[in-house]
Structures are given as C-alpha cells and as structure tokens.
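One structure below.
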Amino acid sequence: MVLCFQDPDNIYSPKKTKKDDGERVITKQKSFLGLSILDISNPSSTTLSEDLSISLAGSDLHVFTQAELRVITQSFSSSNFLGEGGFGPVHKGFIDDKLRPGLKAQPVAVKLLDLDGLQGHREFMTEVMCLGKLKHPNLVKLIGYCCEEAHRLLVYEFMPRGSLESQLFRRCSLPLPWTTRLNIAYEAAKGLQFLHEAEKPIIYRDFKASNILLDSDYTAKLSDFGLAKDGPQGDDTHVSTRVMGTQGYAAPEYIMTGHLTAKSDVYSFGVVLLELLTGRKSVDIARSSRKETLVEWARPMLNDARKLGRIMDPRLEDQYSETGARKAATLAYQCLRYRPKTRPDISTVVSVLQDIKDYKDDIPIGIFTYTVPTKPRREVKETSLQNFDKPRRETKVTSLQNFDKTRREVKDTSLQNFDKTRREVKETSLQNFDKTRREVKETSLQNFDKPRNVSTTDNHQKFRSPAHTARNHRITLRNGYNSPMRNEAGGERY
C-alpha cells in the first residue's frame, strides 16, 4: 500500500511562469520523460494521445481500445481478477493472435486506473513513459496502454508466480528455497542498478516485495513505476519531493526531509533482503510492539553470528549456507544504515550478491522439502474442528452413561454391603455386650461377697488409727509385754 507521509509546500515547489498576457499563472516543470507536468496533469487534454505517440516514437508499445481490452479480459470478469494495488484493480486476459497483426498470442495482465485511488493520471503517464523507453530483463514488460476518454489502462506481460510478497507471506504457498531467494535478491538488485546507472538516472522510490513480480522460472522483475523520479542532475545531491512510499520500506531521511537519493532505494532494498532472510513482513501489526517493525527488531542481530539463527526463516528448515547467510545479513545491515552516505551503492550490492549466490559449499546436502496440507488451511481447520468436536461429544455422552451406570451399581452394592455389615456389627455388639455384662455382674457379686468373710479384728488391725495404736501400746506396757516402741528405743522391761 502506498502512503503519503507528508506534503510540505517547501519540499515540492515547481517553477512558475507567467503568460505574456498576464491572464493566469501555470506551473510547469520538465519530467524525466520529456513531457511537461502541465500536460501530464490534465487527463482531458485533447493532445494527450498525440503527445504520447510523439514521445514514444520508436517504441514497440501498442495502443489498445477499450473494446479490445473488454474482449481480452472477458469484460473484466471477476473470474479473471488477480488483485488490486494503489493504481487500481488488475485482471488477467489473453491476447489472441487474430486480435492485431504483429501481436503474438499471449496471456497478459490488464491494470485499470482507479480515479479515486491512491495513484492517478500522473502516475499512469509516468508508468507509460518509463516502461515505454526502458527495456531490461529484470523490468516487467509493458505491452501497451489505453488512453480513451476517461479510461486509463495498462497491459503487461503476465507473471504466473505473482509477487514476491505473495510467495513469501501467503499462508498456503510453498516456502522459497535458499538459492531461489538469493536469485530473486540478485535479479531485483540488477533491475535497480539498471535504473540508477541509466543515461538519465531514475530513482525507483517504491521498492518493495509487492512490486517484485516473478515469472514461471522465478525470475524477478520490477513493476509499478508510477512513483519513479528523475535522479539528481549535475551538482545536486538529492531531489526534493513530497514524501510518498510504503510504510516500513521508506528510508528514514526521506521521511523526515523529503530528500530523495539513490541511497533511498538502497535502504528499501535492505528491507526486502531482510524479508527474504527472515520470512517476515516489514511491518506486522499482529506481532508485539517490539517485533512489529522488522528493521527495528532484526537490525541488532544482523552483525552477530551467534544470534543470526534467531531471525532466519524457520520454513527454510536449516537448508541454507551459514556463510552465505552471514554475508547476506551483513549486506542487509549495511543497506539499513541511518546515514545515507555510509550505505553501499547498488553496484556494490549486486557484486556482493553475486559472490553469495555462487557460494554453495556449506549448504546441507539433501532435497528441500516442506509438507503442506492438500486442502486449504481454512477447510482443514474446519474439518479438524468438526472431527475433534464429534468424538468429544460422543466420548462425553458415553462417559456420562458409563459413569451413571457405574454410580448406580456402586451405590446399590455399597448400600447392600453397608446394611449387611450394619446388621452383623449390631448383632455382634449386642452379643458381646450381653456376655460382658453377665461376666461383669458375676465378678462383681463374687468380689462383693468375699470381703464380708474377713474377721473384724483383722480389719481393725489393718485399718487402725494412730490414737488407737498409742492406746494399745499403753495397755501393753502396763501388762508387761514388750512394746515395739520400746524395742525401737533399745531397751526391754523385765
């Protein structure tokens, strides 16, 4: 998604010229493609088609009519809908070899300008002029366009694999192998190098994963040049323009100042390279705040070989060159430096990626495989939940039935055993109590009767008081008997 971060007046101020008659002031600034912004900004200009024909003289672009494009896309059928970007909806079509002489039969992608979208007539013209004159294996091929009344359409070669974004982040897609990822990074850098080193350098300004398209062989090609700008000319170090781009990819100095340079594209390339390494989006609001922005989360670990494994895409399943991964991480770190002057230029990036791509010595031996469900994830999830819930309900009912049955059986058995035991205990207790009662009664009667046979004298002797003992002692002394007390004193009486 393209976002306009800011639009300060002091950043974008085209030259103003007055007409001789002083009737009105018009803004006029030469574009990198030869047409004036006055012409580009006026979609109802009657000379627009003529201007395009003159500017694109010698190019092989075809000018289609609205009727022809309806035939190609089957009236823009919903079954041919491919997606939608900042420019507008994109439909798949097929050009028959009978449609026009010299135009071979081929599948195409038709992009329709949404007049209420984020991009408009200016971006349409920039796209046509740029891709109409620039040809490179790593730039998507523009076959033709339609500029009829208010209709603005672009016809491209069809890219069967879609965008890098869909290949990396779509849930049902197969993971890209390590070598394929390096090739994509290398080819995308080659396309960017072609723009930066052109006779009139061009700054891409919107380098991101969704703008890198892949053909059937996974060859990477840059697309969507609507935001492209002329590079600085002469002694100029940058281009001042309103800030437009995609959140998570735009260079920090460009966001803050509106100063655009080729190093701004290098920063954006570093973000895409980081996405290839980690398998994560540049901005993912589903993650925690610390991990939401990819650059802020991963940059501290790019220069640490011990921590590099933490950020590598787990879907690679360790099927990658550790040496190559370290070099690629170092390159991404250099591209993401805060100061533009310290970032490498794109030619250096291409050279480093060439070396990394050719280095395959320590890639683990084996075929890269990744098992995915045959059904779409949503269907698999729903089926799994249904299957999971069905046994769960059956198990629950069966368990309740078995539990209730067992509970009744246990309850009946327990009551029977309890009642039986209770009766046995009661009978045994009564028998033991009666037996013990009789024994206690008999023993008590015997013991009660026995002490009554003891003599009274013995009892008196056994249980006499001190006064009684002293009286008996006096009687004994008087009668002349030896006294125990006297004996204790050591004497006898004769």
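Each Cβ is built from the backbone N, Cα and C atoms, and glycine gets one as well.
As annotated by Swiss-Prot, active site, proton acceptor applies to ASP206, with the evidence given as sequence analysis.
The ATP binding site annotation in Swiss-Prot covers LEU82, GLY83, GLU84, GLY85, GLY86, PHE87, GLY88, PRO89, VAL90, LYS111. In the three-state DSSP scheme, GLY86 (ATP binding site) falls into the coil class.
Summarising the annotation, Swiss-Prot assigns compositional bias 'Polar residues' to 443-458.
What Swiss-Prot lists as compositional bias 'Basic residues' is 462-471.
Residues or ranges marked as domain 'Protein kinase' by Swiss-Prot on the basis of sequence analysis: 76-356.
If you look up Swiss-Prot, you'll see CYS4 marked as S-palmitoyl cysteine.
Under 8 Å, Cβ to Cβ, and six or more positions away along its own chain, TYR156 (phosphotyrosine) finds VAL108, ALA109, VAL110, LYS111, VAL140, LYS141, LEU142, ILE143, SER223. In the three-state DSSP scheme, TYR156 (phosphotyrosine) is classed as strand. Positions annotated as phosphotyrosine by Swiss-Prot: TYR156 (among others).
If you look up Swiss-Prot, you'll see SER210 (among others) marked as phosphoserine, on the strength of similarity to another entry. The DSSP secondary structure for SER210 (phosphoserine) is helix.
Swiss-Prot lists SER240 (among others) with the feature phosphoserine. Counting every protein chain shown, the number of other Cβ atoms lying within 10 Å of the Cβ of SER240 (phosphoserine) is 15.
The phosphothreonine annotation in Swiss-Prot covers THR246 (among others) and is backed by similarity to another entry. Secondary structure at THR246 (phosphothreonine), as computed by DSSP, is coil.
Over all protein chains present, the Cβ of SER321 (phosphoserine) has 19 other Cβ atoms lying within 10 Å. Sequence annotations record features per position, and here Swiss-Prot assigns phosphoserine to SER321 (among others) based on experimental evidence.
Here Swiss-Prot flags THR383 (among others) as phosphothreonine, drawing on experimental evidence.
Residues annotated as phosphoserine in Swiss-Prot, with experimental evidence given as evidence: SER384 (among others).
The phosphothreonine feature in Swiss-Prot is assigned to THR413 (among others); the stated evidence is experimental evidence.
Per Swiss-Prot, phosphothreonine is recorded for THR421 (among others).
Taken from Swiss-Prot, the feature phosphothreonine applies to THR428 (among others), supported by experimental evidence.
If you measure from the Cα atom of VAL90 (ATP binding site) to that of THR246 (phosphothreonine), you get 20 Å. When the Cα of SER240 (phosphoserine) is compared against those of the recorded positions GLU84, GLY86, ASP206, the shortest separation belongs to ASP206. Taking the mean position of the Cβ atoms of LEU82, GLY83, GLU84, GLY85, GLY86, PHE87, GLY88, PRO89, VAL90, LYS111 as the ATP site, the remaining residues of that chain whose Cβ falls within 8 Å of it are LEU112, ASP114.
Residue annotation for ATP gives LEU82, GLY83, GLU84, GLY85, GLY86, PHE87, GLY88, PRO89, VAL90, LYS111. The furthest Cα pair among them is separated by 14 Å.
The recorded positions examined here are GLU84, ASP206; by Cβ neighbour count within 10 Å, the least packed of them is GLU84. Taking LEU82, ASP206, SER210, SER321 as the recorded positions under consideration, the smallest Cα distance to THR246 (phosphothreonine) is found for ASP206. All protein chains considered, the CB of GLY86 (ATP binding site) has 20 other CB atoms within 10 Å. Around the Cβ of SER210 (phosphoserine), 20 further Cβ atoms fall within 10 Å across all displayed protein chains.
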